Amino acid sequence: MIRKAFVMQVNADAHEEYQRRHNPIWPELESVLKAHGAHHYAIYLDKERNLLFATVEIESEERWNAIASTDVCQRWWKHMRDVMPANPDNSPVSAELKEVFYLA
């Protein structure tokens, strides 16, 4: 399993809306994530800085990256772009984080 972590931003006035849209997440998006080998996906909110910290375990980078081209992912990005900064393709602006410590 490959552990990944990344950080995103959420608009200051959209914390509750961001959480509402994820609870529950669309069943078809959950299915696509699982079918592409995503496990233990969690997102945490830092309210003070409007930051989202996400962690996920994946089976392969190729399968993880393929999620972006699915119809449901494209629709999800459009659904979320009004509550967080987005790239021109509607994907959330994000930065991958380097793991510097892990205790199993």
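Including glycine, each Cβ sits where the backbone N, Cα and C put it.
Database features, via Swiss-Prot:
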| type | residues | note |
| --- | --- | --- |
| BINDING | Tyr18, Tyr41, Trp76, Trp77 | substrate binding site |
| ACT_SITE | His22 | active site, proton donor |
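Cα to Cα, Trp76 (substrate binding site) and His22 (active site, proton donor) are separated by 10 Å.
The substrate site is defined by Tyr18, Tyr41, Trp76, Trp77, and by the 8 Å test on Cβ atoms against their centroid, the other residues of the chain that qualify are Arg21, His22, Ile25, Leu29, His79, Met80, Pro92. Cβ contacts within 10 Å of Trp76 (substrate binding site), excluding its own Cβ and spanning all protein chains shown: 21. Neighbour counts were taken at the CB atom with a 10 A radius for the binding-site residues Tyr18, Tyr41; the maximum falls on Tyr18.
Cα spacing between Tyr41 (substrate binding site) and His22 (active site, proton donor): 12 Å, rounded to the nearest whole number. Every protein chain considered, the tally of other Cβ atoms within 10 Å of the Cβ of His22 (active site, proton donor) stands at 12.
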